[in-house]
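*Asks:* Before anything else, here's the structure in question.
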Number of protein chains: 2
Amino acid sequence: MAVRLPRGFRAGATRAGIKPSGKPDLALLVSGLPAQWAYAATQNRAAAPSIHRGRGLYATGAPLRAVVVNAGNANCATGERGFRDDARMAELAAFRLGLAPEEVLTASTGVIGVPLPVERIAAGLPQIELTPYADPFAEAILTTDLVPKVAEAEVAGARVVGIAKGSGMIHPNMATMLAFLVTDAWVPQEALREAWRGIVDRTFNQVTVDGDTSTNDLALVMANGAYGEVPPEALFQALEGVARELAKRIARDGEGATKLLVVRVVGAVTEEEARRAARAVAGSLLWKSALYGNDPNWGRILAALGNSGARFDPLRVRISLQGIPLYAGGDLPFDRERASQAMRQEVVEVLVDLGEGEGAAEAYGCDLTEGYVRINALYTT
Amino acid sequence: MAVRLPRGFRAGATRAGIKPSGKPDLALLVSGLPAQWAYAATQNRAAAPSIHRGRGLYATGAPLRAVVVNAGNANCATGERGFRDDARMAELAAFRLGLAPEEVLTASTGVIGVPLPVERIAAGLPQIELTPYADPFAEAILTTDLVPKVAEAEVAGARVVGIAKGSGMIHPNMATMLAFLVTDAWVPQEALREAWRGIVDRTFNQVTVDGDTSTNDLALVMANGAYGEVPPEALFQALEGVARELAKRIARDGEGATKLLVVRVVGAVTEEEARRAARAVAGSLLWKSALYGNDPNWGRILAALGNSGARFDPLRVRISLQGIPLYAGGDLPFDRERASQAMRQEVVEVLVDLGEGEGAAEAYGCDLTEGYVRINALYTT
């Protein structure tokens, strides 16, 4: 693919021997200039040391220069030792880059409960060649993902590039998902942080693969200003577009998935209720199974909506699937065979009008397949 | 099996032609004496007319005499007509039994969005033969369940019999589950209703098969006093025992399940947090998949706990599986092969000590299998 990073960013990766597969598993993303940054991290109470450390850096408000990521070992539930190992990973990366440790964010993903092989990280870091391209980094951060996920946008001459991993255990609140967005636009940190919260809530937090929330996940944005100032609203829109594109690719690449599900809810009392309603449909195992089987089973959509906490009257709800109206306060006559055919697509869209207010939102999911079960029954931690 | 109902209760069923399979699908449960009753119903906002009607009856506080159940059609999302059809089902059953309609509770389970075939119910009701046995009723209320679920207990000379259906879409808050408990003990209605709430929260609401919550479910207890007074605490204990036994059988008979999962959480700050933590583990797709694959993957248990909202410090948590300690604030050395062997059982028990307080609870679930996906991808509404 060869996606060039925005001005002033470089990245690279190596095989450090953390993944049993021997694939690239240690990666660096570096800004030549101190970058303003924002960050959203897992809400899981068993969060990994890297998440605790990241929260501490975030609280200082100081600029960030680099991220070091290992894929293959989550360094989570590794006791007190895990905190020392995480700090050591930051120190080693900082030494490699000539930075202070507190300028380097750590991220880890992979198996839980196994001590981090710090000596392999120490040996691997000097081997990383930094280039202006996103691709080696994007490949190295994958775990059970099938494909690297990179998206980009331009905004008034500045550029935005996003790189993510997902798969398995993906759910709102940063579930086993890493996302790194970088831009050469200049933006004040406070504005960036405020905008980022909403962007993450509307994109990454609306992805659900299996309802589990991981211990290690984060979504980071770094803005180094190498290009200069752009209208902040335009920048935030570009960041949201890249984040949404990555969110969809994460959902599409969910473990065992064969298609992307996009659920759009309108007519909710509030935007928050629209988000909950959309997530409930995208996360319903019964509907996800029906999606896999190409069964236009709108009863399962309605039941999931009813379980979401969003307020509505079933007699005023409307549901359509791939543009075909299925339900409007009661069963509609529709051609079941045609609706089933329309579901045999890479992307299936459900539109729900709750008929109450102005709240609207989307959620992103995938179908539930025998493949999901097989991957997770046999994937040993 | 032939389980005799408590004194003063009769039940029966017939083939009314509601299930496409032609199996028994219309059932009556009747008390010769007016019964005190308590009731818990689905929280789903798209609740069926039978649920709305039941709530209305409950609010009057008047005694109950009978329940009429159809299996095969949920009479949900059927528009205004659904409410008329539900009232008609009650009237027809009341006429058959010589009761007033407001003495008869309705319950429906099955496909959503298809009008109730009231004429078949009218034709079927006179064919029902009422006997003192629970079994024909227990068989007729099944849908995708594999086995009838009946449990019984004795308490100071009085008897308790419980009958339930489950399978699919089973989750806290009465998810596609019907449970009917009857006793010939005498108990004041107010005490019964207060106790029932707690019993349901500790048993049926701790069952999770797939996280979806249905539109039609309820758990009913009727006490007709035909035997006489017994110590209320002993009665409530017996009701809870029968409810717990039914809850376990519902979980074990989850769609596609090959084993029952019992999760016991102790050491939580509150009982409510213990319940949430236990449900989170019982409901984690990643852990349910590992359970199916006999993989003692405690990292998934810890991640699910972290996602539950229960407060704990990962460094103080202890996890054991089938009596084998796996984690105590960090990975424990354990024989992985032996732990995997220990999971090859009909019943697998997880014990978690959160190390915080006195809160304790159990939750009941099952493994996630390719069978679940197949059933739900191919089961047309």
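Heads up, the Cβ atoms here are built off N, Cα and C, so glycines get one too.
Under the heading active site, nucleophile, TrEMBL lists A:Thr176. Annotation comment: TrEMBL describes A:Thr143, A:Lys165, A:Thr176, A:Glu255, A:Asn376, A:Thr381 as substrate binding site.
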*Asks:* Select from the binding-site residues A:Thr143, A:Lys165, A:Asn376: which have any Cβ-Cβ contact with chain B shorter than 8 Å?
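*Replies:* Going by the Cβ criterion (under 8 Å to chain B), the qualifying binding-site residues are A:Asn376.
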*Asks:* What three-state class does DSSP give A:Lys165 (substrate binding site)?
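*Replies:* Strand, per DSSP.
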*Asks:* Please compare the binding-site residues A:Thr143, A:Asn376 by how many other CB atoms fall within 10 Å of each one's CB, and tell me which has the fewest.
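*Replies:* Among the binding-site residues A:Thr143, A:Asn376, the lowest count of other Cβ atoms within 10 Å belongs to A:Thr143.
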*Asks:* Translate the DSSP assignment of A:Asn376 (substrate binding site) into the three-state scheme.
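*Replies:* SS state of A:Asn376 (substrate binding site) = helix.
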*Asks:* On the three-state reduction of DSSP, what should I expect for A:Glu255 (substrate binding site)?
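*Replies:* In three-state terms, A:Glu255 (substrate binding site) counts as coil.
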*Asks:* With every protein chain in view, how many other Cβ atoms are within 10 Å of the Cβ of A:Lys165 (substrate binding site)?
*Replies:* 27
*Asks:* Name the secondary structure element type, per DSSP in three states, that contains A:Thr143 (substrate binding site).
*Replies:* coil
